Amino acid sequence: MGKTLFDKLWNRHVIYGKEGEPQLLYVDLHLIHEVTSPQAFEGLRLENRPLRRPDKTFATMDHNVPTEDIFNIQDLVAKKQIEALQTNCAEFGVTLADMGSDRQGIVHMVGPETGLTQPGKVIVCGDSHTATHGAFGAIGFGIGSSEVEHVFATQTIWQQKPKSMGIEINGKLPKGVYAKDIILHLIATYGVAFGTGYAVEYYGETIRNMSMEERMTICNMAIEGGAKMGMMAPDETTFEYVRGREYAPTDMDKAISDWKTLQTDSDAEYDLHIKMDASILEPYVTWGTNPEMGVPFSKAFPEIKDMNYERAYEYMGLKPGQTAEQIELGYVFIGSCTNARLSDLEEAARIVKGNKVKNNIRALVVPGSRQVRNAAESIGLDKIFIEAGFEWREPGCSMCLGMNPDQVPDGVHCASTSNRNFEGRQGKGARTHLVSPAMAAAAAINGHFIDIRKVAVISGGN
C-alpha cells in the first residue's frame, strides 16, 4: 500500500520508537518567541546544558509587541519577557529578529518569509498555530514550554503518531469567498473537535490553484478544527515561493528534486476522508464563542441546541434568528498570523480605497511582519488605509489576543481576521466575529457586516 504525505514526512524523522507507541522525532527547525521560551532557557541554565543546535533555532518578538509604539512597553511582565529573549538569544547563540528588525514579525510569518520554512521539515514552536507551516509540505505543530526545553537540549521531540485525514477540496471559489471561508466552513460543518487525533492533509483542485498565502491561512486554522497539524503537498507554487529567500537551499534544483517526492501516493489510504465543494460556499461570519459557531452570510443564527449555545448567545449579546448584518460592530481588526499577509492587505485596500471608516467603528490594520509592512508601504497601501480612517500599526500579534495593549473593550463587537473567538480572547468581555479580510474591510466602511459578494472591487475565488 502507498504512503500519504504525512506518512512520508513522519517516517523520515523517526529516530527511535515502535509503531503505536510514542516515537522520537528529529526537529529540523525550532521557532521561538518571547512568551513560551524563558522557562525553557532557564531550565538549560539550571542543568548546565548547552542549546544543542542554535543554527536550527530562530527567534522573534510578536505576542507582547506594542504595535502603536514598539519600543514603549508599559506592561512590566511583557517588558521582562522581551528583555529575557534578547538576553537568552545572545547567551545561547540564537539568531533573533529583534524589535524594529527588518525580519521581525509574527513567528508564523517570519519562518516562511525568510525561507526557513521548507518542504520536508519537522517544525515546532511554542505556539499552537505552528500548523501554518504545513502549507509547505512540512510537519508543523505547537509544543509546550517543557517540550521547548527538550528540543533546545536534544533537537528531538517525543510524539505519538496521529491518524491521517484527507480533506479533498474541489471547485472554483465564488467571487467574494476566500481561503478563510473554506476553513470556517469546515469547522462550522464538522465541529471544533473533528480533527482531534489527526494530521490533516488538504488537497484537490481548489488547493492547487491557491497562492502560498491562501494555503497558509487554511493550515493556520487546522488547530481550530481540533487537528494536531495541517499540511499540503508542495508543488511549483511552493518551490517558487521558497526560491531566492534568505535561507532557501543553495542548490534549489537538488532540493526540488527531493521535494517532488512529497506527495500522497495514488494507492495510499487515509484513516478518514472528507470531500468538499468550494464552488457553493458563501462568506462566513462567526456568531458565538468558538469557531464552530459560524454561519454563511445568508443564514440566520441557529436555535439554541445546548448549554454551550445558550452561554455563547448570552456572552455575545445576540439571539437566535438574528443575522450578521444586525451585529452592532464597534471595532475592526485586520491582522494576525491567519490574515496579515500582503495579499490580505491588498484585498482589504481594494475595498477601502476612496471610502471612510464609519464613525461607530475603530479600525486597525496590523501587518504581520516588518517585511509585509515595508512591502505594503512601497505600493501605498498604508496611505489608502490611513486616508480612510484606519490605524496603520507596527507588526505584531496585536488584537488577536489580549496580551498586549491592543484590546477590544468589554461588550464591544469586533470584526476580526484572526483565528479564535473565545470568551475574552481579544480582551475582557470582548465579542469577536471571525471573518475574511475583505469582510472586515467592508464592515469598517459600512459600519456593519455586508454581503461582500455585492462589492464591485473584490476579487476572491481562484
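Glycine residues also receive a Cβ, built from the backbone N, Cα and C atoms like all the rest.
For the recorded site, Cys397 ([4Fe-4S] cluster binding site), the DSSP three-state label reads coil. Non-local neighbourhood of Cys397 ([4Fe-4S] cluster binding site): Asp62, His63, Val65, Ile106, Gly335, Ser336, Cys337, Met403, Asn404, each in the same chain, at least six residues away, with C-beta under 8 Å from its C-beta. Sequence annotations record features per position, and here Swiss-Prot assigns [4Fe-4S] cluster binding site to Cys337, Cys397, Cys400.
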For the [4Fe-4S] cluster site built from Cys337, Cys397, Cys400, further residues of that chain with CB within 8 A of the site's CB center: Asp62, His63, Ile106, His129, Gly335, Ser336, Thr338, Ala340, Gly368, Gly396, Ser398, Leu401, Ser418, Asn419
Cβ neighbours of Cys337 ([4Fe-4S] cluster binding site) where a neighbour is any other Cβ within 10 Å: 27
Cβ atoms near Cys400 ([4Fe-4S] cluster binding site) (within 10 Å, other residues, all chains): 30
